[in-house]
């Protein structure tokens, strides 16, 4: 099977794979930039401290783009050592994605606990002005929820005594005034009753299997590239074939 047609076929497959790999890197880079620009406030509600997740995605995407181009160059050049280096990089990406996927699944309960703690702190210290407060407002408005477990979470906040429940909890903004929101008897009829913590964690639990499947699927796709690169390198070395 170690013939020129086989090598040409492997070369074509590896170039196509490297291009797809490059596209994956571009997507990760775009998601990282989008996450930094658009999801910064929301991420602050999930992590105790400022998280570097967007920067990790940006860095990973950039590296994948570079090595995707390197894979195409190594394949066209037909250099065995370059192909082996490319296969080694793919193995490192495979291990990193595998560890990330397993860690996310194993520590999902810790992630939920961290979200509950940080979101509770954001509610208790809400002032309607800082970044965390704006993130709380956006989350409540878009998910149609109120407070951590329900609207009563706001009764313990520093904001409630003078301002009442935030207007972002109202299910009808035109029928929701500050006086009603400060009235513990009237406010329940004006605001959402479901807590945001339950909505977010339910979404996480429902989609955990899908997220894990996609993560592991992407990780194991690296094995295809590793196999193609190693096979092409071995065949070129064995036949002393010079790519054109």
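Glycine residues also receive a Cβ, built from the backbone N, Cα and C atoms like all the rest.
Note that the structure is a prediction, hence the values are computed from the model and not measured.
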Seminar exercise, completed: As TrEMBL has it, transmembrane segment corresponds, among 36-54, 55-73, to residues 55-73
Problem set entry | Per TrEMBL record, range annotated transmembrane segment [choices 183-207, 208-232] | 208-232
Exercise. Who are the long-range neighbours of the transmembrane segment (208-232) in its own chain, taking Cβ under 8 Å and residues 6 or more past its ends?
Worked result: 7, 10-11, 13-14, 17-18, 21, 24, 71, 74-75, 83-84, 86-87, 90-91, 93-94, 97-98, 100-101, 104-105, 108
